[in-house]
Amino acid sequence: MHHVPTIDNIQRAPKVLLHDHLDGGLRPQTVVELAEQTGYEALPTFDVDEITQWFAAATEAGSLEEYLERFAHTVGVMQTTPAISRVAAECAEDLAADGVVYAEVRYAPELSTQKGLTLDEVVEAILDGFRQGAARATQAGHRIRIGVLLCAMRQESRATEIAELAVKYRDSGVVGFDIAGPEAGFPPTRSLDAFEYLRRENCHFTIHAGEGFGLPSIWEAIQWCGAARLGHGVRIVDDIDIDEDGNATLGRLASFVRDRRIPLEMCPRSNVHTGTVPSIEQHPLALLRRLNFRVTVNTDNRLMSQTSMTHEFDTLVQQFGYTLDDLQWLTVNAMKSAFLPFDQRLALINEVVKPGYAALRSESLFGTVADHTTSLISRA
Ligand SMILES: O=c1[nH]cnc2c1ncn2[C@H]1C[C@H](O)[C@@H](CO)O1
Ligand SMILES: [Zn+2]
């Protein structure tokens, strides 16, 4: 017997988010209010409905470069410490309300230095905001553990400086490092010094790779730079052959990624919006899940991609018939892959994630007979 999860089940299920951009998840209302408060005049409109639509147009972008253009205006309103803290606090609250129990949210501090803030001030404002937001979420009945991944922008040359910042704040809420921005023309080895430094410092890092560019980018991220996880990693399917009977043959790189259990931070809806995959239906997530890669599901940019963890999971339920068991598998994968000490990961899996899914499964055993005929479907 398999329980087909309802949207309410999915919303209440404990979820783990490893790939979400702070500047990709602002509330539209907050964008407008912060623009007014901080004197940012370049917003295309100050009407909340219109700005919502304007950001949502990113869903039609079709290329990573065009998708990324929308960030100029979220970054534009994140140039003071109160503004950054507010964005971070609301992020923690919104994720918690969506049932996310553990999150690693990323941001490139260098983007918030346009009006003179230092990198340290930016990081401290984020951490302060997360503390406030997590406290408010607890009061509202939703507990969340939230940390920061510091990004360097691939097209700039500040990766080592940002890597040093990640090490400096590693005991204060920064859990690791990443590089983001346009992928084509900016290979991971461009930042090799930063990754070598992080390895010497025993610091965790992930790399956006296999989204806007293909296998060479994934290969460099893993074999040259030593990434512990892959941001997206979608193009790893280019190294997998499927014959007419559906049998898969893995190339050496795909085998390595699977053998080493390298987590793929997949962001299904964002991948459609950036033109990385043509549709959710054709997203390689289902194949990679079937082949037992360590797949995780993420939001990437909740504002630009009009999404949430609940929405991403619901999309998979609708598209691939995923059950609560599948959603638990994806969540445990994500929790296993977090940049958190191992004992804490284990505790969250055993004391929060598994009991949460067990409670949802047991709910389906009760209720009326009529409920059961509609909510329980036998796939045996
Ligand atoms: O999907 C993405 N790929 C590469 N870079 C991205 C993606 N989504 C957001 N970014 C960029 C834009 C942001 O300004 C930056 C830091 O969060 O990261
Ligand atoms: Zn991303």
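Backbone N, Cα and C define each Cβ position, glycine as well.
Fair warning: this is a prediction, and the values are worked out from it, not measured in the lab.
Of the residues ASP300, ASP314, ASP325, TrEMBL puts just one in the Zn(2+) site with HIS19, HIS21, HIS208: ASP300. Close contacts with ligand 1, defined as a Cβ under 6 Å from any of its atoms, occur at ASP23, GLY181 among the binding-site residues HIS19, ASP23, GLY181.
The C-beta environment of HIS19 (Zn(2+) binding site), restricted to residues of the same chain at least 6 apart in sequence and closer than 8 Å, consists of GLU104, ARG106, THR206, GLY231, HIS232, GLU265, CYS267, THR296, ASN298, THR299, ASP300. In this record, substrate is bound by HIS21, ASP23, GLY181; the longest C-alpha to C-alpha distance in that set is 12 Å.
Among the recorded positions ASP23, GLY181, GLU211, HIS232, ASP300, the residues whose Cβ sits under 6 Å from any atom of ligand 2 are ASP300. Note on the domain 'Adenosine deaminase' (14-354): mean pLDDT across this stretch is 97. Listed in sequence order, the residues of the same chain lying 6 or more apart from GLU211 (active site, proton donor) and placing their CB within less than 8 Å of its CB are LEU64, GLU183, GLY231, HIS232, GLY233, VAL234, ARG235, ASN271, THR274, THR276.
Apart from HIS19, HIS21, HIS208, ASP300, the Zn(2+) site neighbourhood in this chain, defined by C-beta within 8 angstroms of the site C-beta centre, holds ASP20, GLY24, ARG106, ALA180, GLY231, HIS232, GLU265, CYS267, SER270, ASN298, ASN301.
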